[in-house]
Amino acid sequence: MNRNISTIIVLILLLIPLVVFFMVWDYYAINIPKWDDHSLKAFIVEMTKAEHWQQQWVAITKQHNEHRIALTRLIAWADYQLAGALNYRHLMIAGNLLLLAAFPLFFTILKRNKKPLFALVPIPFLWLTLAFWENMYWGMASVQNFGVITLVLWTIYWAIQPGNGLFALSLLMACLTVLTSGNGLMVLPIVAVLLFLSRKPQRLAIWVVMSAGAIFCYFYWYNSNVSNPATKAGLFDLLKGYMAFLGAFAESVPVPNSFQVCILVGSALFLVAISITLNTLYRLSKNKYGSRNEKILDLFSLGALMFILGTAVVVVYSRAGFGLEGLITSRFKIYSVLLLIIAYLYIVVPIRGSFLCPYISAITLMAVIFNIFSYHFHLVDAVNLRKMLSTDQFNWTYTNKKLELPPETDFAQTIMAKTPVNYTQWFEAIKLADKQGYAGPTQGLSALLKEISFKESPLNLQVNNVNFTSQRLQDSGVYILLSNKDRYYVYPTYRTRNRNRKQLFLKQYYFAPGFYSEVPFNQLTKGTYKLGIIRQEGDKIGILFQNETLNVPEVKVEKIEVNW
């Protein structure tokens, strides 16, 4: 095949996962803060009130949970300054671009080791997937969790380069990494070990001095994070959680017990990581390399593996108290995928001759299959998150029956960019239904309402349906509507993923029949509520109230202690 045509085909293959990733992101991303995102509004207030640069520096670098999130805050401040308002979609874009910033590094490693461009093809299919949905659609987490990984990788790579300029750049990059996320601190001892193994005492001394300063600054006025529950898991459970964390990417594989699969795959990857580590240490001890780039690859792989395995230890120890299942959550999957990529780079570089192309082709096929699995498996998560965010914003914004925005009497209320949201098209229908009991197209609503189980408990209202089969995406679906004498509340119903592989992959039925929801009483004011449903089908809105009312008791809100 003509070389130019081959290059074009490879470039198209590289672009496919990139285009799909950002198309799916754009379809579900919404400018609404999630949880910790709200703290960025307080940060903007603090920055605007600062009278000198020292106060701004304190605002940028102060602690958030166990982290320093200076990079996230700097991007938020830049967005506010340039756009005139804080837009959380812009933060997501920045985080996703930081994820992309690892590609030039992977490309450089392969190119310097004389691998063809084709060798890069499997990586975007692994690196750009909906498996990372939580970071993709969460402004603060996107910058922090994607950013720290890319910064760590570049810091390691530059620190082990022969040029002094790149080493100096790695010193600055290390400081930025430490101020991006808590586990960025790991880059300090990791690079120190790599410089020791490289037999570069002068660089090691400089690095140790810089590290001491960075650690001092990080822990100066440091407060322990009090919000994480103490783990009650035994050693065996922690070990299972550790292996599950390393194999978390395998959750997307359509099998019944995905957690057990993650443990098995993680155990295999752990053995691969140990094998690579031992082999690398042996090669470094002998210091016999055919080229400088071979040694750089060994050092880089060792550093990346130390970062992955070390992060796994910290996460499992600190997060096991929330339950072992939480260790394979989307937020942490990128470490599992990174472990795959490092193993791939380490194995593919030494391969020569006729076996190279078939090997890359086989890995590419498996990467494409994983990519497809991840989009099918995690689409329901993206849909559910979007609905949760939009209804949360509705509930904290509209506190009167006129559904009018409250007057902006405080500067903090003006910080966030005003962008369209789906619930504004409900307003007239909600007010009409509140008067007459229904509004909009109601065909099938009565039957749907009868199929919904509403079960009250002292703390919440549990909602369940087992027959709803709509496969509409984005904002379509069923919402729970509550109305009292003063205001309305709306809660989303959540879909579950379809475990029927034939329906999922052949018919694109992403959702299993039915839906569920939980209305927490501690978010409602005490009183009597009319209870109904909103059904959105594209642009069509139907609302129906049931005859029975809901009596909500007073439930105290348990305040979570934070250090920010």
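Note that Cβ sites are derived from N, Cα and C of the backbone, with glycine treated the same way.
Feature annotations, courtesy of TrEMBL:
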type	residues	note
TRANSMEM	6-25	transmembrane segment
TRANSMEM	91-110	transmembrane segment
TRANSMEM	116-133	transmembrane segment
TRANSMEM	140-160	transmembrane segment
TRANSMEM	166-197	transmembrane segment
TRANSMEM	204-222	transmembrane segment
TRANSMEM	258-278	transmembrane segment
TRANSMEM	299-320	transmembrane segment
TRANSMEM	332-349	transmembrane segment
TRANSMEM	356-377	transmembrane segment
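Remote same-chain residues near the transmembrane segment (6-25) are listed as 92, 96, 100, 117-118, 120-121, 124-125, 127-130, 136-137, 364, 371, 375, 382 (criterion: CB distance under 8 Å, separation of at least six residues from the stretch ends).
The transmembrane segment (166-197) and the transmembrane segment (116-133) are not in contact, since fewer than 3 Cβ pairs between them lie under 8 Å (pairs 6 or more apart in sequence). Same-chain residues lying 6+ beyond the ends of the transmembrane segment (140-160) with a Cβ under 8 Å from its Cβ atoms: 34, 36-37, 39-40, 67, 69, 71-72, 75, 91-92, 94-96, 98-99, 101-102, 105, 108-109, 132, 134, 166-167, 169-170, 173-174, 176-177, 180-181, 183-184, 186-187, 190-191, 194-195, 198, 203, 207, 296, 299-300, 303-304, 307, 331, 334-335, 338. When Cβ-Cβ distances under 8 Å to the transmembrane segment (356-377) are tallied for each of 91-110, 116-133, 258-278, 299-320, the top count falls to 116-133.
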